[in-house]
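Per TrEMBL, the features are as follows:
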COMPBIAS  460-471  compositional bias 'Acidic residues'
DOMAIN    1-128  domain 'SPX'
REGION    451-472  region 'Disordered'
TRANSMEM  233-251  transmembrane segment
TRANSMEM  263-286  transmembrane segment
TRANSMEM  298-315  transmembrane segment
TRANSMEM  321-339  transmembrane segment
TRANSMEM  360-382  transmembrane segment
TRANSMEM  394-412  transmembrane segment
TRANSMEM  497-523  transmembrane segment
TRANSMEM  529-551  transmembrane segment
TRANSMEM  560-580  transmembrane segment
TRANSMEM  586-609  transmembrane segment
TRANSMEM  654-678  transmembrane segment
Amino acid sequence: YYINYKLLKKKVNRYAQQLEIGAQDHHYVLKDFSRMLDNQIEKIVLFLLEQQGQLANRLCDLRQQHDVILQLSNGGSKICELQEAYRGVGHDLLRLLFFVEMNAIGLRKILKKFDKRFGYRFTNYYVKTRANHPYSQLRQVFRHVGIGAVVGAISRNLADLQDHQGNYVSIYDQPALSHPDPIVHSIKAAVNKLSNSTNFLEFLGKHAFIMQDDLRSPSEDDVAEQRYHFMSLLLNLVNTFLYMVNTYIIVPTADDYSLSLGAAATVCGVVIGSMAVAQVFSSVYFSAWSNRSYLRPLVFSSIVLLIGNTLYALAYDLNSIVVLLVGRLFCGLGSARAVNRRYISDCVPHKLRMRASAGFVSASALGMACGPALACLFQTDFKIYKLTFNQETLPGWIMAISWLIYLLWLSISFREPPQEIKQDIIPQEARAGTVVNYAVENGITQPLLLSTEPKQGENGDQEYDDGEEESCEKTRKPVTSIVSAYRLLTPSVKVQLLVYFMLKYAMEILLAEASVITAYYFIWSTNSVAIFLACLGLTVLPVNIIVGTYISNMFEERQVLLASEIMVLIGILLSFHIGIPYSIPQYVGSALITFVSAEVLEGVNLSLLSRVMSSRLSRGTYNGGLLSTEAGTLARVIADGTITLSGYFGVAKLLNATLVPSLFICISSIIATCFTYNSLY
């Protein structure tokens with residue numbers, strides 16, 4: 001009753017030959033393959049319902065025995081037998097869940113193979129037409145309808161029988177029992193693993209773009225369990241938070257600092273952007289360094305950031321714009337976000353990875369809001385010896401002290417994952433794979449055992465497999481150069497990276513020039529700018545809650561993507577100063593539309609990227625996270641350079657001069673998205 005992956009794979013090969021010689025057309029292939037899949041899924045679902053019925057009958061019989069035993073005065077031994085009987089039903093339910101999981105994976109694999117072989121999105125058509133139908137059988141496979149009732153019956157009766165005889169305690173009255181049965185834990189874990197429903201936590205995890213392998217082997221999960229250390233994870237999240245604070249804490253005062261050192265106010269673009277310039281290079285070497293260690297790059301990052309912030313603060317008393325820029329360059333060289341992402345990807349167990357990814361996004365958003373907010377607190381001016389402490393230097397001093405404290409905490413509490421385990425990960429993947437994948441690839445006639453022997457099939461089978469299926473080692477081997485990574489980028493991925501570039505460019509233009517624009521048009525103080533930027537930052541999590549909980553369940557992600565791009569375009573158009581006097585409502589309203597739309601766009605864009613990007617980019621130095629980081633960082637560098645160059649035309653023309661490139665890039669990304677719209681699913 002398992003999905004016949006082998007038969008379907010041969011059918012795909014036969015379709016390709018028929019299309020090549022003109023024996024069949026694409027319409028026939030789509031309809032015939034849909035019919036075959038429908039038959040396979042119907043067979044699976046009917047068997048699933050039959051097995052659920054058998055489990056339900058057994059539970060009814062046990063319920064009758066339960067009622068009889070409760071009336072006996074001394075039924076202790078009978079209670080133990082009844083508990084074992086319920087556990088037996090639980091074990092059979094686990095096997096049934098394993099059956100559903102294997103078939104779900106087999107279905108995903110064959111759909112993906114069909115798309116890859118014929119170049120069009122059959123998956124999108126098939127899932128959309130089948131999953132949303134009122135008589136959907138596909139929903140039985142992916143939503144495991146009816147299993148919840150069996151789980152509830154087992155949980156409730158075991159809870160009644162375990163340590164609560166005669167007390168009439170129900171799981172409905174006391175959901176968190178002190179000693180829940182282990183089989184219930186196993187069933188819940190299996191159900192959670194099987195669940196594919198979208199929620200806020202999953203949306204935030206995708207927003208972090210920590211790529212995950214859908215077919216992760218048990219050996220990898222065991223390795224991650226051994227390497228996981230909560231305090232080390234917390235230190236990575238704190239590093240993420242502090243770095244985002246470090247990035248945005250200077251934004252409200254960067255123009256004043258430039259003026260104090262004798263430069264133009266628009267040099268703030270170079271001051272802010274120099275950090276991003278260095279980050280372009282630091283992301284690569286930190287990503288490579290994380291192949292060997294996590295502690296050492298984090299220590300190096302903290303030391304470099306400590307030096308960079310100290311130089312940034314000392315530039316005022318040294319009256320040197322060069323020292324200021326060198327300090328910011330050092331801060332960019334200390335960007336360890338690639339290490340933070342890599343630690344979550346490699347050292348956090350699969351069951352906790354989505355939460356850790358959501359924590360990464362939340363820490364980034366909180367740091368983005370706290371940076372400008374902290375700038376409000378530095379409205380002072382005093383000297384200690386020859387060192388000046390004012391609103392321009394205090395961000396540097398505060399961050400230097402913060403990184404010093406973090407460095408001490410890191411040295412004491414961080415635990416380096418075992419190196420010997422780390423080196424064994426890829427060989428284990430190449431040798432074994434998973435029980436589930438083996439069962440799916442070889443069908444129900446093959447034993448569900450790990451094997452390192454080559455498969456022997458019918459005549460021609462082995463030749464076809466060698467021609468069509470790459471070895472596990474080859475398909476999952478990480479890329480070793482940026483050129484190899486670029487070759488794996490499909491047109492859809494390139495367009496999504498362009499979209500990511502666009503939204504980061506638009507956001508950086510908005511944030512980096514805010515102090516100059518508001519001072520020129522509205523004569524805002526540093527406090528006002530800081531509060532405005534902090535309020536923008538505080539919209540990140542609420543917006544993600546709305547998108548992750550509601551919008552992503554109501555619309556396709558590609559629809560949200562295109563709508564968000566259009567809203568960013570509207571926000572940019574509303575920001576232009578043409579004809580009428582520029583007002584605060586116009587500026588704040590357009591900024592809010594641009595920023596919020598860009599935040600929505602970022603989450604959906606990275607979610608789509610995580611699905612359409614090659615699995616070979618899920619690990620190694622040149623991974624998908626590094627590519628997206630480089631695209632975003634490059635956008636920030638160019639945006640900050642645009643602000644500085646536009647400053648030569650005068651502050652009066654700065655706003656429109658910086659918005660024109662944003663408008664052009666936004667329109668280009670919308671056109672590119674429209675051309676690849678059908679390939680996004």
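Every residue, even glycine, has its Cβ placed from backbone N, Cα and C.
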Under 8 angstroms, Cβ to Cβ: which one of 298-315, 360-382, 394-412, 497-523, 654-678 has the largest number of such pairs with the transmembrane segment (233-251)? 360-382
For the transmembrane segment (497-523) and the transmembrane segment (321-339), check the count of CB pairs under 8 Å (sequence separation 6 or more) and say whether it reaches 3 or more. no
Six or more residues beyond either end and a Cβ under 8 Å away: which residues meet both conditions relative to the transmembrane segment (654-678)? 120-121, 124, 266, 491-492, 495, 498-499, 501-502, 505-506, 509, 513, 516-517, 520-521, 558, 561-562, 565-566, 568-569, 572-573, 575-578, 582, 639, 642-643, 646-647
Interface-richest range of 263-286, 321-339, 394-412, 529-551, 586-609 toward the transmembrane segment (360-382), CB pairs under 8 Å: 529-551
Would you kindly check 321-339, 394-412, 529-551, 586-609 and say which stretch has the most C-beta pairs under 8 angstroms to the transmembrane segment (263-286)? 321-339
Give the nonlocal contacts of the transmembrane segment (321-339) in its own chain as ranges (CB under 8 Å, at least six residues past its ends). 236, 239-240, 243, 246, 257-258, 261-263, 267, 270-272, 274-279, 281-283, 286-287, 289-290, 294, 297-298, 300-305, 307-315, 396, 625-626, 629
Quick check on the domain 'SPX' (1-128): DSSP residue counts for helix, strand, coil, in that order please. 112 helix, 0 strand, 16 coil
